[in-house]
Amino acid sequence: MPIITLPDGSQRSFDHPVSVAEVAQSIGAGLAKATLAGKVDGRLVDACDTIERDATLQIITPKDEEGLEIIRHSCAHLVGHAVKQLYPTAKMVIGPVIEEGFYYDIFFERPFTPEDMAAIQQRMRELIDKDYDVIKKMTPRAEVIELFKSRGEDYKLRLIDDMPDEKAMGLYFHEEYVDMCRGPHVPNTRFLKAFQLTKISGAYWRGDSKNEQLQRIYGTAWADKKQLAAYIQRIEEAEKRDHRRIGKQLDLFHLQEEAPGMVFWHPNGWSVYQVLEQYMRKVQRDHGYVEVRTPQVVDRILWERSGHWSNYAENMFTTASESRDYAVKPMNCPCHVQIFNQGLKSYRDLPLRLAEFGACHRNEPSGALHGIMRVRGFTQDDAHIFCTEEQVKKEAADFIKLTLQVYRDFGFTDIAMKLSTRPAKRVGSDELWDRAEGALADALNESGLAWEYQPGEGAFYGPKIEFTLKDCLGRNWQCGTLQYDPNLPERLDASYIAEDNNRKRPVMLHRAILGSFERFIGMLIEHYAGAFPAWLAPTQAVVMNITDKQADFAAEVVRILGESGFRAKSDLRNEKIGFKIREHTLLKVPYLLVIGDREVESKAVAVRTREGEDLGSMPVTQFAELLAQAVSRRGRQDSE
């Protein structure tokens, strides 16, 4: 009979097979009430599942990360229960857990409305209040098929077809509603009170736009209502920071139907863009990169040789001229290899670092477009390092150091680094993969910072390093990458003369720091809520007069600041000074300079910050020094 070993090392003996719930009850009534599931010998199981032999057991409660995932998964099933009660002809598809929530894909003859979502949420709350038990039954495959046939659940039957080796399946019964899942799930609906449905969107069966359209109901669920309230507050703050809203408020950019996924940059937004580009140009030049420019439109022959035509053609914009097919480039790498291939290269020429602010276009589905975060036309801070295998470690280490420096300059200090390693389907020998992964791992170790492996997540031809930034709302943004690639040089016949006078293939390191300028600017807008650090702000200082008598001196101050390289403008309107200050504070200008008679007389400016801090009156030259210091700090939080 089983001996159960608990996480603290204590043991409990039972004279019969025992369920997880029974073990919890033997420890205490409070734990039994909080038990969601168990982890038996490291494997998650339902609270009702029995343990028949000696095992280790961890009781899972809402406080555990696994517990939160179970709550969310069970909430997805609860969506199904409510939908089938309200809309019996709806057909249920899948309901997985996602970051901070869940969704359920549903086929229904008409689009769900916000009123439908409110009704579904209300029915879910009514079902929770019934406090019913969720019943698990392991059921033979044939019976599962018969059950879903009788209920007309066509998509469930298709999913069963995808699992030919499953002889028995877990069915979870929410009263009359039944769903199929590996589990585990909550034992009772009382655990599901802290939830909220968030939105409805479209989706496609199996994610393929050629298939029938489904409707996706999203929701979030938490261990308790306090956590849910904190999440809702965070989402509300994110909505206030939405780059689309702030972009309009600050007159940065717009998008319109005639050019879906293409950005119309206004002067203010283009100013931010130009600062980014000039900064990255200098950073890359200082680190040994040479800048190049390659064509926008390239014959399909090159894309066929690179492999992109067979794997990526549907995402490429194409055109034809004089009986030749062309594609607008979706990436820069094949073109950079063409530059490398011009002229004979020696090992003495390596490493060669080619950088390009490459304008790329990808035919993203219209439903996937999102402001300037997900677009069809974008510019990358793209570069490719051509080097020998022996140079990979140093190049990777230098790139990591540079990338972290750039992120700190933009105000991001919480950075996760991950190494994606060999997938099951890959090219190249294990020895080559060992060396490539080892070089990147050694480079990461040299940074002195924590990093983690992502096993099996590398490209089929090589490992890669990913950089993920955390913003002020705790959201993660995957930005920089360093991809090891021996494949493209082979396909495009790149070579150099090695020290032994033989031809060898270079290793190609694809790398980007910001990723796309458009997406990175969107991130900056939301991270700073539009209140850019002085070095990025479209207007760094606005000079305001109190009466017409100060207009000439205000214009003189703007001229002096402009000649010093600052972005300043005047506001000489016949409006009250309080009105002007409020307006430019809302426009998030870092410094507000007020000029009255006293300032004209002393050749000074009265300085306020957009946060409302009064810095007092100072000579124009002193303010210029203050602004120069603010600009030199960039977005750093320290005095580096």
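A Cβ is built for glycine as well, from the same backbone N, Cα and C atoms used for every other residue.
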According to Swiss-Prot, Cys333, His510 bind Zn(2+); which of His266, His287, His384 is also listed for that site?
His384
Compute the centroid of the Cβ atoms of Cys333, His384, His510, then list the same-chain residues not in that set whose Cβ lies within 8 Å of it, in sequence order, for the Zn(2+) site.
Met331, Asn332, His336, Val337, Asp382, Ala383, Gln483, Asp485, Leu488, Met508, Leu509, Arg511
Quick one: average pLDDT across the region 'Catalytic' (242-533), no decimals.
95
Taking His384, His510 as the binding-site residues to compare, which has the smallest set of other Cβ atoms within 10 Å?
His510
What does DSSP assign His510 (Zn(2+) binding site), in three states?
strand
When DSSP states are grouped into helix, strand and coil, how many residues of the domain 'TGS' (1-61) land in each?
14 helix, 24 strand, 23 coil
List the same-chain residues at least 6 positions away in sequence whose Cβ sits under 8 Å from the Cβ of Cys333 (Zn(2+) binding site), in sequence order, or say none.
Ser306, Asp382, His384, Asp485, Leu488, Met508, His510
